[in-house]
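As annotated by Swiss-Prot, DNA-binding region applies to 26-46, with the evidence given as sequence analysis.
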Amino acid sequence: MLTAKQHELLHFIQQRLDASGISPSFEEMKEALGLKSKSGIHRLISALEERGFLRRLPNRARALEVLKLPDTAKSVVTNNRDNVVQLRKAPSALKPIAANDIIEVPLHGRIAAGVPIEAFEDHEQLAVPAALLGSGEHYALEVSGDSMVEAGIFDGDYALIQKADTAREGDIVVALVDGQDATLKFFRREGKMIRLDPANSAYEPQRYPAERVIVQGRLSGLLRRYH
């Protein structure tokens, strides 16, 4: 027996996995369900885990696996008083994306996670597990610097970037400043200004007039090599 919100969240996650192969962010789930805070999403996910519908994959950010879906076509009864959907039957577990599906994406060069550095052109290809990529066109950049460490992005990591020229508040983006310097930062708007926020207290936010900043992509995933 699931609540209507649990049912709605489960299907939203599955739709995103089917479309892009990557779980939605907590912010996207919050907006999709019309909730005011992410804590409500945390509670819903925990409840779905306890009931065996959902599993969090260890050591991976934004990694959720739908284990089963309720068979709503055969038996759904909604009780408006307590907002509960009663479910009689669920199909077998869904197949996750194969872990060995590999896609090659262009490796453009290095990007600063500190202060902006020169953007690089194409040099080589990087083999990436398909599960780390969503829909759309992607490229990779090697991270240089430590200003995003509190977001789990470290020097030498490969940032997997979905090509885009727009960003939402709080997205981690590749921002091109003055047409020549690229940097990886959180994207914020302050009136007519763009603020590029680090994730390291040792660095200050960078503020620029909006016309000086061009979004070149949004962070889709990370690849880390251990030597």
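Placed from the backbone N, Cα and C atoms, the Cβ positions cover glycine too.
Beyond the DNA-binding region (26-46), the same-chain residues lying 6 or more positions past its ends with a Cβ under 8 Å from any Cβ of the stretch are 5-6, 8-9, 12-13, 16, 54, 56, 64, 168, 170. In the DNA-binding region (26-46), helix, strand and coil residues by DSSP number 17 helix, 0 strand, 4 coil.
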